[in-house]
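Taken from TrEMBL as is:
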| type | residues | note |
| --- | --- | --- |
| DOMAIN | 72-152 | domain 'BAG' |
| COILED | 127-157 | coiled coil |
Amino acid sequence: RVEAFRDAACAMEQEKEILLEMIHNIQNSQDMRHISEGEREELNLTANRLMGRTLTVEVSVETIRNAQQQESLLHATKMIDEIVNKLLDDLEDAKIRLMSLYGACTSDVPAGPIDQKFQSVVIGCAIEDQKKIKRRLETLLRNLENSEKSITLLEHQKSSVRQSCNSKQD
C-alpha cells in the first residue's frame, strides 16, 4: 500500500505539471490572436485563475538519497540550469545541448550526440531522480519546440504583412 500511495502521489505531481503546461500553452497559443479582445481577456482571466488554483496544490514525494546521489542530483540540476539560463542568448545551441542531455537519459538510440559527462552524473542519481530529470528535459524540449513554432508563425505573419504593404505601395 505504501508503494501504491507513493505512485499515486507521483502521478499527481506529474498531472500538476501537465496541467500547468497545458494552461501555459493555451495562453500563448496562436489561436488567442484570432479571437476578439473581449474573448481573449476572458480566456486569460480564466487561465490565470486556473493557473493560480493549480499552483496552490503542493504534492511532494521525497526520495531517499545517499550523499553521492544527492551530489549527483545537484550537479545534474546545475548542468541543466546553466543551459536554461543561456536559452535567450542562443536558442539553437541551447536546444542542441538539451537534446544531448536528453539523449544521455534515454535507453533509445538518440538521433544526435550524447553528453557522456551528463550521462555519468545522471547514472549516479537515484532512479526516481533520473526519471524526474528525464521528464524535465522532455518538458523543456517540448516548450522549446512550441516556442520555435510560435516564432516561425510570427515571422511568417510579419513577412506576409510586409509583402501586403509592399504590393499596396506598388
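From the backbone N, Cα and C atoms, a Cβ is placed for every residue, glycine too.
Note that TrEMBL annotation is computational and uncurated.
Averaged across the domain 'BAG' (72-152), pLDDT for the predicted model comes to 87. Residue counts for the domain 'BAG' (72-152) under DSSP, split into helix (H, G, I), strand (E, B) and coil, are 63 helix, 0 strand, 18 coil.
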